[in-house]
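Taken verbatim from TrEMBL:
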SIGNAL    1-18  signal peptide
DOMAIN    31-160  domain 'Nose resistant-to-fluoxetine protein N-terminal'
TRANSMEM  179-201  transmembrane segment
TRANSMEM  241-259  transmembrane segment
TRANSMEM  279-298  transmembrane segment
TRANSMEM  318-338  transmembrane segment
TRANSMEM  382-402  transmembrane segment
TRANSMEM  411-431  transmembrane segment
TRANSMEM  451-473  transmembrane segment
TRANSMEM  493-513  transmembrane segment
TRANSMEM  519-539  transmembrane segment
TRANSMEM  551-573  transmembrane segment
TRANSMEM  593-615  transmembrane segment
Amino acid sequence: MIFMKFPFLVFIFTKVESHKFSETFKILNESEECYKNLQQLIKFNKFDKMIETWSNFSKDFTHGNSYDFGDFDKCLSLTFANIQPQHCLIQYEYKPTSKHSIVSVLPKVLYLNYDWKNMDRKFGGAICIPQSCTVENVRQIMKEVFNETDFVQTEDYDQKNYCQKTRNVYRIELDTLRVVSIICLSSVAFLVAIGTILTFFKQTSFTIKIFQCFSVIENFKTLLDFSTTNSTIKCINGIKAICLVLVFFIHSIIMELIFPFSDGKEFQNILQDNKIAFIYAKLSFIMDSFFIVSGVLVGRTLLYSKNFTFWKFLIQRYMRLTLLTLFLICLAAFNYTILKLFSKPFIYAEHTVIDNCKNYWWTTALNIQTFINPKNMCISHAWYASILFQLSISAAIVHLILKKLTKFKKIFCYGFIMISALVLRIFIFATRESIYDAKIDKVFDINSNDILADTYFTNTTKIISLFSGVFLAHLIDRYDKISFFKNEKLNKIIIKSAFYSSVILILLCPFVSWPVPKYLAIIIGLLWIVATNIVIYACHKNYGGIINDFLSLKIWIPISKMALSIYLVSFPYQGILTITRKKPYETITRDDVIFGLFYDIWCALPPTLMIYITIECSITNLANLITKRA
């Protein structure tokens with residue numbers, strides 16, 4: 001045999017003479033053309049060239065690479081006499097009886113180790129083989145290759161679709177999801193084209209106004225509208241924009257963890273001492289800030305609505321959040337379909353997106369994806385839009401109740417809600433393995449207590465953030481100044497002290513040495529929420545000084561407007577950039593992380609800008625038009 005067991009139970013593809021493959025190929029029927037061609041190549045020492053284009057399976061694991069597709073171009077350039085090559089992608093996984101995980105396979109990659117069960121334990125490789133070899137021949141050969149290892153070729157993998165004989169495009173199967181996606185994207189393109197043309201029409205019928213909602217010209221003007229009113233909380237734009245940059249950066253790091261393309265020799269220094277807990281805890285804090293800001297904006301919308309109607313608010317929220325997410329499902333299906341037109345169809349990522357969207361698109365449409373099978377969301381990053389919709393509707397219901405209560409009862413009601421949310425948050429984080437003490441092998445192990453599903457994708461851990469924002473909106477609206485004492489100077493000193501203490505707390509949080517005791521982490525998280533509320537209040541009441549001036553710069557306005565689009569669009573594009581990387585990293589250094597961030601920004605910004613102008617802004621315009629008409 002040309003394969004031998006690796007000390008950590010992973011086989012290594014040894015540099016041996018190609019004629020030793022003869023033993024492996026004896027599994028084939030000697031009368032078959034495939035067997036004859038292989039033996040002919042071996043006899044004339046031509047099979048060595050084909051071997052060189054195969055995936056280096058040992059490197060695939062010892063370097064932490066989940067996908068290694070070999071050398072596609074070189075494979076298809078090899079010819080000998082009348083024997084033509086083909087490049088076959090191989091999807092394989094741990095044998096059902098295997099007790100080993102990636103954690104045991106990659107002992108040197110301490111902080112990139114986790115069990116790929118959440119990805120169905122599937123990995124990608126490729127072999128170069130004569131065109132005369134059938135799909136069944138490929139399976140027979142790979143069965144022999146994997147015979148003495150802990151791996152087996154995936155049974156439900158349709159091999160016939162992934163053996164390419166030429167550089168021509170792959171055959172695309174137009175299933176229901178892809179057909180719907182094409183129709184959706186074509187319809188949007190049509191509406192954008194018509195709407196842009198009708199921008200110059202002076203006629204203002206309701207039908208024309210509907211089309212004009214999709215005008216690229218008008219939407220671009222909206223993006224560049226820097227005007228504000230006296231009631232605008234200007235510092236919110238800066239807070240949203242800065243949080244967005246931080247989330248983008250953390251996502252850039254996480255993509256390296258989800259798709260580990262290196263042995264991480266230098267990158268380990270960044271993730272040492274369970275820094276994965278810090279990454280997720282910090283991300284949780286930043287998302288708390290997003291929900292606080294959303295709560296403030298929702299609260300002010302409810303307060304300043306002269307003729308507030310719950311059903312109109314429901315329609316606006318649904319269209320604003322859910323229609324954009326549904327469009328992204330279509331975009332995801334389209335993106336992964338386009339990837340199949342290239343020389344290497346990255347079906348492994350497609351499997352996790354397309355299959356989940358076929359089965360669970362309806363949970364996204366109903367905004368219940370955080371309750372129904374949250375471990376297999378169609379678009380996992382859309383949990384934010386789903387929870388924001390759920391909590392916004394809850395806030396509207398509470399608002400309707402508060403309108404009928406006296407001042408004392410309002411304070412009591414808010415206090416009861418906040419205390420209940422606080423107790424619930426403490427109970428959840430304290431009784432489960434949470435993001436505060438997460439290890440990466442636990443975070444992504446679908447068979448364990450999934451930390452992301454239990455403590456990150458849940459509205460129960462976010463409700464205190466959003467409702468504190470709603471309460472802050474009422475506080476800003478009803479109380480011009482908070483008076484602790486009759487002495488105005490003393491009140492100003494107290495508010496400014498609270499403000500600067502909050503700023504210092506927020507700035508110091510990234511430098512906390514993680515992991516910390518769980519209850520201390522919970523306290524830090526709650527202090528972050530309180531500190532963010534104080535910063536927003538103090539800035540809006542002109543106690544923020546130079547910090548308020550910085551957060552209120554007009555440059556933050558367009559970034560703030562595109563915050564939802566940037567958040568929802570950037571993550572999948574970062575994933576696509578990662579899995580389409582032609583050559584795996586040998587190491588990931590700090591410079592690679594920084595360069596990767598700017599590269600992600602450069603590549604994700606154009607599609608984000610396009611989606612905001614053509615989709616998000618159009619949906620918002622359409623929602624406003626419909627609710628005014630109703």
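Backbone N, Cα and C define each Cβ position, glycine as well.
Here the transmembrane segment (593-615) has long-range neighbours at 188, 192, 214, 216, 219-220, 223, 248-249, 252-253, 255-256, 267, 270, 324, 327, 331, 561-562, 565-566, 569-570, 573-574, 577, meaning same-chain residues at least 6 beyond its ends whose C-beta is under 8 angstroms from one of its own. Touching of the transmembrane segment (451-473) and the transmembrane segment (279-298) is concluded from the presence of at least three CB pairs under 8 A, sequence neighbours closer than 6 excluded. Counted over residue pairs separated by six or more positions, the transmembrane segment (179-201) shares fewer than 3 Cβ pairs under 8 angstroms with the transmembrane segment (551-573), which leaves the two as not touching. Of the candidate ranges 279-298, 382-402, 493-513, 382-402 has the most C-beta pairs within less than 8 angstroms of the transmembrane segment (318-338). If one looks beyond the transmembrane segment (279-298) by at least 6 residues along the same chain, the residues whose Cβ comes under 8 Å of a Cβ in the stretch are 233, 236, 239-240, 243, 246-247, 250, 253-254, 271, 384, 387-388, 391-392, 395-396, 435-436, 438, 443, 451, 456, 462, 465-473, 476, 509-510, 514, 521, 525, 528-529, 532-533, 536, 563.
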